[in-house]
Amino acid sequence: MSTDTIPSLSSPPAPEFPSTTPDTATSPAPSQPSIIGPSSLAPFPETTTNIDGGSRNVALTGLITGVVLGATFVLLGVCIFVCFYKRKKRKLKKKKKEDIEASINRDSLDPKDDSNNLQQWSSSEIGQNLFTYEDLSKATSNFSNTNLLGQGGFGYVHRGVLVDGTLVAIKQLKSGSGQGEREFQAEIQTISRVHHRHLVSLLGYCITGAQRLLVYEFVPNKTLEFHLHEKERPVMEWSKRMKIALGAAKGLAYLHEDCNPKTIHRDVKAANILIDDSYEAKLADFGLARSSLDTDTHVSTRIMGTFGYLAPEYASSGKLTEKSDVFSIGVVLLELITGRRPVDKSQPFADDDSIVDWAKPLMIQALNDGNFDGLVDPRLENDFDINEMTRMVACAAASVRHSAKRRPKMSQIVRAFEGNISIDDLTEGAAPGQSTIYSLDGSSDYSSTQYKEDLKKFKKMAFESKTFGSSECSGLTSDNGQNPSGSSSITEGQRTTQEIEPEKNTKDT
């Protein structure tokens, strides 16, 4: 076989492999390997992801901001509304009070305006029952004289029966009386907020045009004045006198020390102490009463109160405080002890016409030697408990001291009656009549002699006046106006309201 026909065996061409030796002159430097995968993987669309997340954040932030702003605006609106409402309410309250004061100071009343103003003020501030004039007219048989209990300087008192059968005493103030309007306001402001078994209860009121009426609980057994001083009355037993004294003292102690603010009665007297069938005492007639917030700065330019019961400091300074009430209750105690009136009507200008001046030397003697002859009501015929009499005389003596700040508190009087403190604690070692200082600032230039001179001046002015009047509420239980307090004589315990300016014999505090 020739060689031409034999295919030649040749090696296949060697494959070409890229060179593993980099050309440093032309090849770029190798990059660092990626930690998340091969370099050939497509990158995440970072730009698109940032846009979506930002939108969600903006939306969430906007939502939170809207909620916060909305809540803030709502809260702010509520605060503004509350502030505006309270401010408006204060203005309305102030305006109502100003309207009342304006109506009080006017000589003639505008029935339409004053009725509306007083009704709005009373119903919102007092909260007592509001009666119509027709209700009360029907209850008293058209204010018949047969139902007349008594009358005073500013009105009449009738017995009445309400629709539900409740027996009441209805005080009708004289129309157009400025003082009567003041007393109406004082009564509903004072007695509507005090509640005590020894204070008469106010059941409601009526305002119709110029008519002003007050509705009280009916106290059936008349007044202390009636039982002590009315002619042909049986002698009041000592035990009943003691019970009445304790009850009246408790009622006054409540006004002075348990009320907030404390209340000064300013017309404590036997005619204003009502008695029920059990001979429990109820203090009545708050027409002159004031809270301590008023009396701290108030100087009266009218003679307020009742002659024979007025405290010495009032004759000089024109101020009445709780210690003035204490003096007045001391006079009532002397009436219970002696059976005498506070002023001797047969000697209205005598030096010793006052029960206080008459009784002081006798009280000194009685407390020193235990001899009550000449001091105690002879109608008792020595039928009394000697220990109770000693305590009552000691209470009376301490209460009528000329020095107002040395008079005891009413709570001390109550404890002394109950035997819970000694007489020495009550009297503080001072005999009746020893103290002539009365002024609260400690000055000593006002004596009992000067007091008598001032009191004479007051009496003379009241006798010459045609406008003085008595305590109308003292007739709450007296029949047909026969209660002596309804007479025109100030020597029988007459209240007067003549305008004067008391002389300032001491420094006013």
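Numbers here mean position along the shown chain, with the first residue as 1.
Heads up, the Cβ atoms here are built off N, Cα and C, so glycines get one too.
As given in Swiss-Prot:
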type	residues	note
ACT_SITE	Asp267	active site, proton acceptor
COMPBIAS	18-34	compositional bias 'Low complexity'
COMPBIAS	468-499	compositional bias 'Polar residues'
DOMAIN	143-423	domain 'Protein kinase'
MOD_RES	Thr132	phosphothreonine
MOD_RES	Tyr216	phosphotyrosine
MOD_RES	Ser300	phosphoserine
MOD_RES	Thr301	phosphothreonine
MOD_RES	Thr306	phosphothreonine
MOD_RES	Tyr314	phosphotyrosine
REGION	1-44	region 'Disordered'
REGION	468-509	region 'Disordered'
TOPO_DOM	1-61	topological domain 'Extracellular'
TRANSMEM	62-82	transmembrane segment
Integer Cα-Cα distance in angstrom, Tyr314 (phosphotyrosine) to Thr306 (phosphothreonine): 11
Secondary-structure category, per DSSP, in which Tyr216 (phosphotyrosine) falls: strand
Rounded inter-Cα distance in Å - Tyr216 (phosphotyrosine), the residue listed as 'active site, proton acceptor': 18
Thr306 (phosphothreonine) - helix vs strand vs coil (DSSP): strand
PLDDT averaged over every residue in the domain 'Protein kinase' (143-423): 88
Mapped DSSP class for Tyr314 (phosphotyrosine), helix or strand or coil: helix
All-chain count of other Cβ atoms within 10 Å of Thr306 (phosphothreonine): 29
